[in-house]
Protein chains: 2
Amino acid sequence: MRVLGVDPGLTRCGVGVVEGVPGRTLTMLGVGVVRTPADAELGDRLVAIERGIEQWLDEHDPEFVTVERVFSQHNVRTVMGTAQASAVAMLCAARRGIPVTLHTPSEVKAAVTGSGRADKAQVGAMVTRLLRLDAPPKPADAADALALAICHIWRAPAQNRLQQAVALHASKGRTA
Amino acid sequence: MRVLGVDPGLTRCGVGVVEGVPGRTLTMLGVGVVRTPADAELGDRLVAIERGIEQWLDEHDPEFVTVERVFSQHNVRTVMGTAQASAVAMLCAARRGIPVTLHTPSEVKAAVTGSGRADKAQVGAMVTRLLRLDAPPKPADAADALALAICHIWRAPAQNRLQQAVALHASKGRTA
């Protein structure tokens, strides 16, 4: 399973590609950041993010794209930009027919560290260990993108079982 | 000046095209709504919005696109969807090199009714009068999109004067 994780942001969009299956060693295929200048027009920044994400999709041809779910508890300005950047990432994937999943920051932290309240350093340390890297990827957005991809790979079996159960339940409902 | 106004939303995205210059009669060239099914995947909904906006751009070839500025005071879920739909509209315009402007709801209301706190019915009534329509466009999102376009046309001279003043100030600063 090859997964592109995207930690969305207007200024820095973390991107990371991980390949693997649950219970086996994971491999990092690429990590980076799509940046846009803070003084550019919003529309032009979204175009730059689209171009960046398209390049990552072209190069790595992932089977899944997973994006951090955005909440609006935080700073208003930042959240709007994050929601807009995430929309572009989801659009690029869906346009190619690649399934998109969303994971909350606490789901991601819990998946890679065992605690939903782990800090950035702990996430970075676990990503480094799980992918057998020499050092934590910098900036943190890049490490978070890899953590998202790992979270997707590890949670996929549970999600598939859930979907199968829902489908089974629905088909029973129809025949009942 | 031909302007496409977009009142962004995931379920209903209001779109309206108005042509005119400040101080002259305005003409409505088109109005409608881009809809996406609430039960579809988010990524697919964004693709549907992209397709809808592209059709409006193809058909009307506007010189400006103006989108309602999204705030996050309101319902969290709705706001995220609105921010994501607005990102797609801005992306489509910017990709074609069409300048994008943002206006707040109160700027739009003040422009067409004289009061930033006007209600939907008042905005609908003024849009109907200003564009010489037989009845207020339905749903309200469509009327709001037309109001956005009118707001852009009427505010453009003031914005241009402001930009010229800023440019003049900057050039004086450089030569001082």
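Just so you know, glycine gets a Cβ as well, placed from its N, Cα and C.
Listed features, source TrEMBL:
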ACT_SITE  B:Asp7  active site
BINDING   B:Asp7, B:Asp141  Mg(2+) 1 binding site
ACT_SITE  B:Glu68  active site
BINDING   B:Glu68  Mg(2+) 2 binding site
ACT_SITE  B:Asp141  active site
Alpha-carbon spacing, B:Asp7 (active site) to B:Glu68 (active site), which is rounded to whole Å: 6
Sequence-distant neighbours of B:Asp141 (Mg(2+) 1 binding site) in its chain (C-beta under 8 A, six or more apart): B:Asp7, B:Gly9, B:Arg12, B:Cys13, B:Gly14, B:Val33
Neighbour tally for B:Asp7 (active site), based on other Cβ positions within 10 Å of its Cβ: 28
In three-state DSSP terms, the structure that B:Asp141 (Mg(2+) 1 binding site) belongs to: helix
Proximal but sequence-remote residues of the same chain as B:Glu68 (active site) (Cβ under 8 Å, at least 6 apart): B:Val6, B:Asp7, B:Pro8, B:Ser86, B:Leu102, B:His103, B:Thr104, B:Pro105, B:Val108, B:Asp144, B:Leu148
